[in-house]
Amino acid sequence: MTESKAVIPGSFDPITYGHMDIIERVAQRFDEIHICVLKNSNKEGTFTVEERMALIEASVADIPNVEVHQFNGLLVDFCDEVGAKTIIRGLRAVSDFEYELRLTSMNKKLNSDVETLYMMTSTNYSFISSSVVKEVAQYKADISEFVPEPVEKALKEKFGK
């Protein structure tokens, strides 16, 4: 039997419990998970790509089949590089789907061997986004139920306690 590999792409600026929910569930279904940290040219990052990677690595340290990578380029090229045929995209709400469908269609056109699977974030996390967490953190509110501990600490340092 061949080893199953999946890619979970995102900017992860920063990683949240919504992301962790998807990662943990995917890790139970695939042999290898490759988290691909992408630089979003449309967004100014709060954390550098290297900082985001470190926060993800600290957050997924207990999940043995997860690797964290940085990649600048086409996602389907990254999939080829790691030998993955599956991209996993998390959806919080139906409103996420239209954008995701356009990405999926383009990826399929670029590499017909790569499939995209969608997973709904668990209801407990469906309202969490990196942007909202950062906004709340700027006002010194408690974000411990939205992000892993290393991220909470990093956001407090970034925005002052």
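Going from the start of the chain as shown, residues are counted 1 onward.
Using the three backbone atoms N, Cα and C, a Cβ is placed for every residue, glycine included.
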Legend entry - Site co-member for ATP according to Swiss-Prot, given SER11, PHE12, HIS19, GLY90, LEU91, ARG92, TYR125, SER126, PHE127, ILE128, SER129, SER130, SER131, out of GLU3, GLU98, GLU100: GLU100
Inset, instruction - Compare the Cα of LEU75 (substrate binding site) against each of the binding-site residues LEU91, GLU100, SER126, ILE128, SER130 and report the nearest. - result: GLU100
Inset, instruction - Find the longest CA to CA distance in the recorded ATP-binding set SER11, PHE12, HIS19, GLY90, LEU91, ARG92, GLU100, TYR125, SER126, PHE127, ILE128, SER129, SER130, SER131; express it in Å as a whole number. - result: 19
Inset, instruction - Report, in whole Å, the straight Cα-to-Cα distance of SER11 (substrate binding site) from SER126 (ATP binding site). - result: 17
